[in-house]
Amino acid sequence: MRRGETSTGAETQRTVEGDKKCFGMRTNNQSFLRGAPADFILLGVSDRPWLELPLFAVLLVSYVLATLGNIAIILLSRLDPQLHGPMYIFLSHLSFLELCYTTTTVPQMLVNMSSSRKTISYGGCTVQYAIFHWLGCTECIILAAMALDRYVAICEPLRYVLIMHRPLCQQLVAVAWLSGFGNSLVQVVLTVQLPFCGRQVLNNFFCEVPAMIKLSCADTAVNDATLAVLVAFFILVPLALILLSYGFIVRAVLRIQSSKGRHKAFGTCSSHLVVVSLFYLPAIYMYLQPPSSYSQEQGKFISLFYSIITPTLNPFIYTLRNKEVKGALRRLLARVWRLRGG
């Protein structure tokens, strides 16, 4: 009996050790398809059911307006010969990425708000935060390029065509897209390796890297540090260039003698300044705070603001405050009307 008990005990011990090894392997590989959760639950405003219907209506209207507005700017920049300048190259790319912004997140939010099953697949979640961070960093650099364009237009008007030539604009746009992709790739590689230990509930409207890090059950020091460094670089460096450009612009404008000239110069920059403020203020609050003080409850509403409200407002800001865009829009509508009449 004792020999049998000893044998049984040894087998049990080996089984436990084997289970521990298997569990360790599963934990280490949690983020891959075999060990990853099948889907995540996006809470949104599930804790406030009364808010779902009005928010659904706001999101639907905003999405339609953002889509139509950004498509209109892209078409105008392509079709109207007077909008082929450097500023409109950047503006068309800005509109395109904001169109992608909203399409990446809003349809999923609308589906979840109209259903009792508020889930997103693991793969869908990964694609969502990968594209979202790619577009966010790309926008930072494009806004800085637009500030450079305004600086050259106001401070070096005689050399504007020579400096801001089309190949340079295309190179700046390429740098923006490739840099954003590189940042997103690093974030995805680190985030997909995080274990979640069965946790599936994201207190957010869509998948974002900070929310994924918060959900993980592992030590996220490397993820936190990498996110902080990359986001600080992609937010603070372009922002510093924007502020520097506008510092030189203000100095140049104040030297203009006529008030009409000063007003015109500031008017060419006002739309860009408003867009920069709408983008950077929530981004700074969202990403440039210590991970320990990150509040998912506040963060999800800030994410909602810059993922739908900002892309909705930007086309109207540039259309209503820009005479060239308004003129191009009138010409396009007149052309369409003539085609219908003919």
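Every residue gets a Cβ built from N, Cα and C, even glycine.
Where the annotation comes from TrEMBL, it is an automatic prediction and has not been curated.
Feature list (source: TrEMBL):
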- 53-76: transmembrane segment (TRANSMEM)
- 69-318: domain 'G-protein coupled receptors family 1 profile' (DOMAIN)
- 88-111: transmembrane segment (TRANSMEM)
- 131-152: transmembrane segment (TRANSMEM)
- 172-196: transmembrane segment (TRANSMEM)
- 229-254: transmembrane segment (TRANSMEM)
- 266-288: transmembrane segment (TRANSMEM)
- 300-320: transmembrane segment (TRANSMEM)
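Within its own chain, the transmembrane segment (172-196) is flanked in space by residues 27-28, 30-32, 35-37, 89-90, 93, 126, 129-131, 133-142, 145, 148, 209, 212-213, 215-218, 220, 222-223, 226-227, 230, 234, which lie at least six positions past its ends and keep a Cβ under 8 Å from the stretch. Counting same-chain residues at least six beyond the ends of the transmembrane segment (266-288), those with a Cβ under 8 angstroms from any Cβ of the stretch are 94, 136, 139-140, 143, 146-147, 150, 153-154, 210, 227-228, 231-232, 235-236, 239, 242, 246, 249, 253, 299, 302-303, 305-306, 309-310, 313-314, 317-318, 321-322. Just going by CB pairs under 8 A, the stretch in 53-76, 88-111, 131-152 that sits most against the transmembrane segment (300-320) is 53-76. The average pLDDT for the domain 'G-protein coupled receptors family 1 profile' (69-318) in the predicted structure is 85.
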